[in-house]
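Okay, so here's the structure we're looking at.
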């Protein structure tokens, strides 16, 4: 597991700025502390942790038994825009000495605060690796700009949701350095015990308060519109006073505008009002219980849209500060909280409800994933970041490497019978190809793949080909993000839950991509074939089985569980023959090579296959090609079987046309030319008139699986990795 390039421990510096980010960083810190054989932990505390007005929250870090290596007073008081800028500058002045003394291998920073921006800037300029927690999220304020700026400085990213992961990818961050882990606070939140919650409620809200009969209010200034956010806070307090329920009010973050918000609280007498409890800080484990058993939470804190959903507690989200975040159904947005009546109406609608619990932001297992991710960091890798930019128009200028070497990929095709490895050039030329029988066991197969790839890589040097990576096409269902074969076809034994990426990458020291053969056929058409330049098309590959791939808006569709484009298992008959998938009536049960072989054997056993001009040697197995030969020589029964097979395939294509409405359907594989005319006839007879003009063509690619495997590598390099 260790990849840090030497035998010493990884020195990790965790820097925390305020009570909110500590709730996310503390679970990671506890996790690091439990593995002293792998990690050394340094803790740096700065920002509002060290300010009395905000509760001196550094004390809770000490209470958690963490040694604080450094305390940095970095907040310039004033709570306005200029003070925030000066605070960043003060942190930038102080941090270099600290980082020079600690010499961390990696610094962990969280979120979107201006303090975190100072930390990331310092570490980046001092060539210290940065792990950013909760990047890629969208809220809707200046926080977005700060968060995304930290993302560009950070070398590694831990995100909480699939959407955040996609945002990071769209920001051109290196895919291999992004971890979808979930929110670390959920590890503690989802395991919280409820038995003492009443004592916590009484401690903070009074002895007479019952569960679900109080409100938690947490509102911060919006630094891009301070005047409006202060007015909204004033209206919120008026609505809460009118609603007449016991309310716990937490002081706002130390942002521009926070001082004015505190003045509003004091002007309205909130600190002395019998229905209010105003506090600077609540420990996170107690805060969890308070929001879990509240009748409602109101304000604009990220906690309301992130953590509170795990309990189904009603939330009223005021204004635009969190408007871009993913939320559960427990959140009621009041974007224009411009009247007391509107906020009061929201309180009446939400208070006391119980919503389904949602776990959008985590499953309680983030910390183990993060620790594993940390252990995998290779300190010998170049520090310079790589960005994956989208495809651009090819540069007409020349590169000396392109002249002296042929940029190429190693392509691997795992078929039911053969295992093939090829060197494929950027132009789609197969420079060299190796073929072996596919072994029956996992161990033999993986060893043969490694052996063939090593041999091909050595040959590539002699052929002046620079190998950029390895692409693998295999039958079955594949998780291309992880490079894992989830479930294989029955033709490839011992090939379920197989990690292909790791052994090849470790052996060849090259990036590795994996996908199934149907998807690879579509990728081959997109880069080298008749799908080049098309926005939408579908490929059907006919061979031993039936597969396919769907290109939509120039991108390959994988589906939520990587099961998209299993086109061979479209059902075209309710009472058709059994299929290898366990169902019946699938296209594959009619039109695949296996299906034709089955029918050929039946005819042969009944002495109805052979016609004049045909013979089958005794040592040769009867197969699909014999059936096709018999049909060509006039065997009516063989012709009928092929017609039925082509009709089944044609009905599948009709269903695809009605579902996807692609601009082109490409039939690929050894049987495509035998089916094309029947498929077109079925479309004319069965399809809606509006899709009958869609082109259906036979692929002109000789090795679509190999070319598609290569295209995964070659497409990636054209994204201009820097």
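Positions of Cβ are set from backbone N, Cα and C atoms, glycine also.
Neighbour list (residue 517 (active site), Cβ cut-off 8 Å, at least 6 residues apart, same chain): 413, 415, 473, 474, 475, 541, 547, 705, 708. Annotated active site per Swiss-Prot: 517, in sequence order, evidence recorded as experimental evidence.
According to Swiss-Prot, the UDP binding site annotation covers 19, 23, 113, 220, 253, 282, 301, 302, 307, 321, on the basis of experimental evidence. Using a 10 Å radius centred on the Cβ of residue 19 (UDP binding site) and all shown protein chains, the other Cβ atoms total 23.
Counting every protein chain shown, the number of other Cβ atoms lying within 10 Å of the Cβ of residue 280 (CMP-N-acetyl-beta-neuraminate binding site) is 15. If you look up Swiss-Prot, you'll see 259, 271, 280, 281 marked as CMP-N-acetyl-beta-neuraminate binding site.
Over all protein chains present, the Cβ of residue 413 (Mg(2+) binding site) has 26 other Cβ atoms lying within 10 Å. Positions annotated as Mg(2+) binding site by Swiss-Prot, on the basis of experimental evidence: 413.
DSSP classifies residue 517 (active site) as helix under the three-state reduction. Summarising the annotation, Swiss-Prot assigns N-acyl-D-mannosamine 6-phosphate binding site to 416, 476, 477, 489, 516, 517, 545, 569, 588.
Feature annotation from Swiss-Prot assigns ADP binding site to 417, 418, 420; the stated evidence is experimental evidence. Taking Cβ-Cβ distances under 8 Å and a sequence gap of 6 or more within the same chain, the neighbours of residue 418 (ADP binding site) are 435, 436, 437, 438.
According to its DSSP assignment, residue 588 (N-acyl-D-mannosamine 6-phosphate binding site) is helical. A C-beta separation below 8 Å, combined with a sequence spacing of at least six in one chain, links residue 588 (N-acyl-D-mannosamine 6-phosphate binding site) to 545, 546, 568, 569, 579, 580, 581, 594, 595. According to Swiss-Prot, the N-acyl-D-mannosamine binding site annotation covers 476, 477, 489, 516, 517, 566, 569, 588.
Here Swiss-Prot flags 569, 579, 581, 586 as Zn(2+) binding site. According to DSSP, residue 579 (Zn(2+) binding site) is assigned to coil rather than to any helix or strand.
Annotation source Swiss-Prot lists region 'N-acetylmannosamine kinase' at 406-722.
Close to residue 476 (N-acyl-D-mannosamine binding site), meaning Cα to Cα within 10 A, are the following binding-site residues out of 259, 271, 516: 516.
For residue 545 (N-acyl-D-mannosamine 6-phosphate binding site), other Cβ atoms within 10 Å of its Cβ number 28. Put simply, residue 489 (N-acyl-D-mannosamine binding site) is 8 Å from residue 416 (N-acyl-D-mannosamine 6-phosphate binding site) when counted between their Cα atoms. When pLDDT is averaged over the region 'N-acetylmannosamine kinase' (406-722), the result is 91. The binding-site residues 113, 259, 420 differ in how many other CB atoms lie within 10 Å of their CB, and the one with the most is 113. Residue 566 (N-acyl-D-mannosamine binding site) sits 44 Å from residue 301 (UDP binding site), taking the CA atoms of both as reference points. Put simply, residue 301 (UDP binding site) is 15 Å from residue 280 (CMP-N-acetyl-beta-neuraminate binding site) when counted between their Cα atoms. Here the binding-site residues are 271, 307, 566, and the one with the most other Cβ atoms within 10 Å of its Cβ is 307. Counting in whole angstrom, residue 19 (UDP binding site) lies 60 from residue 417 (ADP binding site) by their C-alpha atoms.
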